[in-house]
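**Q** What TrEMBL shows for this protein is this:
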- 1-25: region 'Disordered' (REGION)
- 7-18: compositional bias 'Polar residues' (COMPBIAS)
- 93-142: domain 'Myosin N-terminal SH3-like' (DOMAIN)
- 146-818: domain 'Myosin motor' (DOMAIN)
- 237, 238, 239, 240, 241, 242, 243, 244: ATP binding site (BINDING)
- 938-986: coiled coil (COILED)
- 1005-1014: compositional bias 'Basic and acidic residues' (COMPBIAS)
- 1005-1046: region 'Disordered' (REGION)
């Protein structure tokens, strides 16, 4: 961590120091020195009054007898070493910065201007100049040391310098500071960005060296693996200093490093449960632990968490039934009322927290910034994680509700002797329902007491006060047993299937030193536990260290420290210690709190740590200061009586939890205790007194801690308001004195905190020697190592069995060892890598050769298979191509023949008709132009032939398209079929009409020919079926001139009829052919739809041409009719009928 700038340091100084006050408003003090009158203005409210004198800005000052330094806080006296620090003779002429203590106890930083004799003149940042006694000044460190992360780095180690350094870091959210081997943690009362996975990885990889809880946890886990010794992290501090949160942070780091098995998640989830059932809001702390706990985390050989165990101490049971104004009972009660689902509330008959007497005593139902409903959800989730079943959870909530309803149970007075019985109201009914007992049995247990006198059992009715005590005792016992049962369930969950190897890290989170306006039995036990922990701290850091130096025969300058053994003797000495006298008085039937207080004053008045007070109070001088205890309630709380009737009531309940509680209480019974309500022979079955049991637990805890390597974290509370950014010097200084931070730093700086046996040192670092010294003894090897690495003689001491090093020396050796090991590992890895690469290359070459052989053989086989397949494929392709070619050729040939035949037939028939008309026209001479075949018509025929030939070439291309469109045409086939049928019917009607007309015409002509006895015949046409109306071509005789026109007309009509029949037959055949092609009955390389349209066009063309020729024939016949009337009649008859049926 780098040092902060000077300006920041000055700001911290200003905030550290109390503001200077002065001016003209004060009284004027006149002093005379050597005949010179000096005037000094003093402010009556100035913090300097009575300690120092303000001097107007000039070098000369008045001679005044000043007592400048304020006395230390009354709880701790100033040590001889602190007084030696007050000697500024050696540095006063240097005009360095110094600390001066004001009358309010705060320290102010000033600069010495001058010094003469026992007096010095200092100036402050505000411009004020002060004349003070030189002994009251404390040297200050240079600005470059502002905010150092280890107090051992301070040049001047004194109280104001430590206070200033802690505040400097606190103002910058650097709440952790090292004090030698101890970590000082100042509670910030807010979230600070110093935690999370990134920080965990950084401390794991040693990339951050600033003080942190993570660093302490990392050191513990590394030393556990290296030394194979169990470790412990001891967290201490007064209430509200942040011990519980610090313990959770340490657990998070251990879980992160030792995680992987899943157990770490369960361990972390125990915190919400223990906090809900064991923490409460007090005036000093919103989340105060009202019990102590030791979490023992076990690790496997590989460094992974393998299990855990939780041990608890001295739950404050009295908080269940009473709490001070502004405080709360245990969190779980408020969480249950706020967060329970409606179904659970209905089942438990829960009401608002203000409805319960046990909860409304403190008149405080919520905590700022805390959602009790959300916390209840978290607790339920945690109970699921630690495998508490749903049924057990409901039973737990039922017990909590029963405790709350017990507080609402009221009593009614029965007689003048103040005897009572419980009122059978909603509260009593709900309690009986929730614990599963009979209402009458519950009423008797609360209002009566069974006693045995001689051989007789009697029932004694209780007074109102006795009944209330019995009710509260039952409520406290149910809650305490429930808490113990929960801890037992958690331990079972953390131990299921887990194998413990003996390696463990224990985290101790126990209540801090407490001193209130009224201190009772709980504070008495808590402060006794803190005295034990403080002695453990002293033994490891002071006493044992110095004893070890002396035993190993090294040179050592002894450091004085305050030992609290006298205070522990006051508590533990038998038979006249506080605990012995308390147990003795608790066993007396008529013992009272007053008699206990009087006994203490009588037997302990000569003890220097004890002082009797008025009435029932006494004062004990603890290591942290004097505390006055009020003995009211001491005997009752120490007895912790629960009558056998109440235990029997719980054992008879239907619910399984009360029966378990009763069984546990009976198993813990060890001796009879006579209570104030019992006569001779009426003893209750009661476990050991609370104080005795707690003392035994404390001794077991100390034995456990003594077998571990301890790591200390001192938590500091910066202010009593729990306000972020506020720093009270007096409060912090008191805590620093109580936890012995300054002594720790001094002994660490002057001592040898690191030690190692000769054998272990030689075994660990012997391989670093350049020469082989395997035959030498461990001490010689160790000395050779020290000489080789040029360790200065003043930085180490050689003892009889161990080597002792000052701070930082073993770290340098460890760095060298690690670098050497890393180098060796690097060389080994390089050599192994070289061997592996060489072997790999040989193996790679062999594999490549083998692979080439295998791939060649495989490829040759595959090639042979492919070649065979290729040849077979070529053969198949030839056959398929040949077949497809032949099929295609045949289809094209057939289609060509069909098309050619159709076209040729059509052309022949068309030409035949046109030739006849031409011949007929030639006979008329002047009408020859009208019947000639036009050149355009012939060109049209030629174009059609060309189109037909082009169509043949397109057939192959259209073949694929026809296959794709075949399915579309099939859907339209039915429609075309209907149209074709209708067309055929029309054609058939027309043909029948034409045939009938032609038949009538033939008959008429035949009748006329017979009448004229004409033997003329129709001249047949040539081979191309041409015919003509010309009558002069045959060169007949004159006798035949009358018959020739008639014969010619008959011939024309016959040819028209013959043409009609032929064309009808052709169109019918073509249409039938297209239908067969369309339906797939006949294969043809043509488009049936297009040919059908072309056929219809040809039919329409022929029809128009045929109609024209019929009209021409009519004209000719009309001309012939002028010559012969009979023929005219026949003609009219036939044409009339023809006109009625013809179509256009």
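Just so it is clear, glycine is given a Cβ too, placed from its N, Cα and C backbone atoms.
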**Q** List the residues of the same chain that sit at least 6 positions away from residue 242 (ATP binding site) in sequence and have their Cβ under 8 Å from its Cβ, in sequence order, or write 'none'.
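**A** Residue 242 (ATP binding site) has long-range Cβ partners 185, 187, 715, 717.
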**Q** Which chain-mates of residue 241 (ATP binding site) that are at least 6 residues away have a CB under 8 A from its CB, listed by sequence?
**A** 185, 187, 512, 715, 716, 717, 735
**Q** For residue 244 (ATP binding site), what residues in its own chain, 6 or more apart in sequence, show a Cβ-Cβ distance under 8 Å?
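**A** Long-range Cβ contacts: 275, 279, 287, 289, 509.
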**Q** Least buried of the binding-site residues 237, 240, going by other Cβ atoms within 10 Å?
**A** 240
**Q** Give the residue counts of the domain 'Myosin N-terminal SH3-like' (93-142) per reduced DSSP state, in the order helix, strand, coil.
**A** 5 helix, 28 strand, 17 coil
**Q** Express the predicted model's confidence over the domain 'Myosin motor' (146-818) as a mean pLDDT, rounded to an integer.
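**A** Here the predicted model's pLDDT, averaged over the domain 'Myosin motor' (146-818), is 88.
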**Q** Taking the centroid of the Cβ atoms of 237, 238, 239, 240, 241, 242, 243, 244 (ATP site), which other same-chain residues have Cβ within 8 Å of it?
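**A** Going along the sequence, the neighbours appear as 187, 285, 512, 715, 717.
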**Q** Within 10 Å of the Cβ of residue 239 (ATP binding site), how many other Cβ atoms can be counted across all chains shown?
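**A** I get 20 for this one.
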**Q** Per DSSP, residue 244 (ATP binding site) is which: helix, strand or coil?
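**A** DSSP call for residue 244 (ATP binding site): helix.
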**Q** Going along the chain, which residues six or more apart from residue 243 (ATP binding site) have their CB under 8 A from its CB?
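**A** Residues satisfying the criterion: 235, 236, 237, 289, 509, 510, 512, 715.
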**Q** Within 10 angstroms of the C-beta of residue 238 (ATP binding site), what count of other C-beta atoms is obtained when all protein chains are considered?
**A** 23
**Q** Using DSSP, would you call residue 238 (ATP binding site) helix, strand or coil?
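**A** Residue 238 (ATP binding site) sits in coil per DSSP, no helix or strand.
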